[in-house]
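These come from Swiss-Prot:
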ACT_SITE  158  active site, proton acceptor
BINDING   13-18, 38, 63-64, 90, 158, 162, 191-195  NADP(+) binding site
BINDING   145, 158  taurochenodeoxycholate binding site
SITE      162  site 'Lowers pKa of active site Tyr'
């Protein structure tokens, strides 16, 4: 029997990158996966690929710019399937043109990004937990970032918002542990998604990798493997974890890249 047989999962922003890889991993293990996304056309392409791999997936409309859809997507899935077992909060964003350091960054944009990213966990979790309680438990997996625990020279809004998600993760974990609802966060490092690669120079990438002991850019599947672990009963005695999946980034001293060159 597959690890997630009979389970119903929701994955936000799941038509590409980490979200898509996570949806595919959950479906491969038997979950019925709802792709929460803006574009039904893009979602259907992923659904077709999942079907080819022997899995089952469906589309539910979600748009981070339409706050009410955080709740409506959950309610639509619960109404259609009668249960929700797994929630993967993958959505997160910034504005590379305005999210800079404290004095150079745009103040209004700082608070917009903070609100956007925190509510991307708060609202769907709040909506899903009552449905998880009805079926005796569930698992919430929040996608954060290594930048939430290692300060950055830029992207202050993104990093602070993801730090808040780490705290929210642990608060949810504690508050609902007695209901058998687990909540964990996965913190990606440098992952080779299109969005990430389009926003970095080769020079930046090489400099960053100098501080990654495993000496490679991560793959979306690396994150999906962690998501699958927390979604399944393999982690049935684990909650409140802030799990870095970053190739060992920041393990070394500041001189690491000098004394252990690539």
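A Cβ is built for glycine as well, from the same backbone N, Cα and C atoms used for every other residue.
Put plainly, the recorded positions 16, 162 were compared by Cβ crowding within 10 Å, and the winner is 162. Counting in whole angstrom, residue 191 (NADP(+) binding site) lies 16 from residue 162 (site 'Lowers pKa of active site Tyr') by their C-alpha atoms. Here the CA atom of residue 145 (taurochenodeoxycholate binding site) lies 17 Å from the CA atom of residue 16 (NADP(+) binding site). Between the CA atoms of residue 90 (NADP(+) binding site) and residue 145 (taurochenodeoxycholate binding site) there is a gap of 11 Å.
The separation of residue 13 (NADP(+) binding site) from residue 162 (site 'Lowers pKa of active site Tyr'), Cα to Cα, is 16 Å. Here the binding-site residues are 38, 194, and the one whose Cβ sees the fewest other Cβ atoms within 10 Å is 194.
Taking Cβ-Cβ distances under 8 Å and a sequence gap of 6 or more within the same chain, the neighbours of residue 145 (taurochenodeoxycholate binding site) are 92, 158, 159, 162, 187, 188. Residue 191 (NADP(+) binding site) falls within a strand segment according to DSSP.
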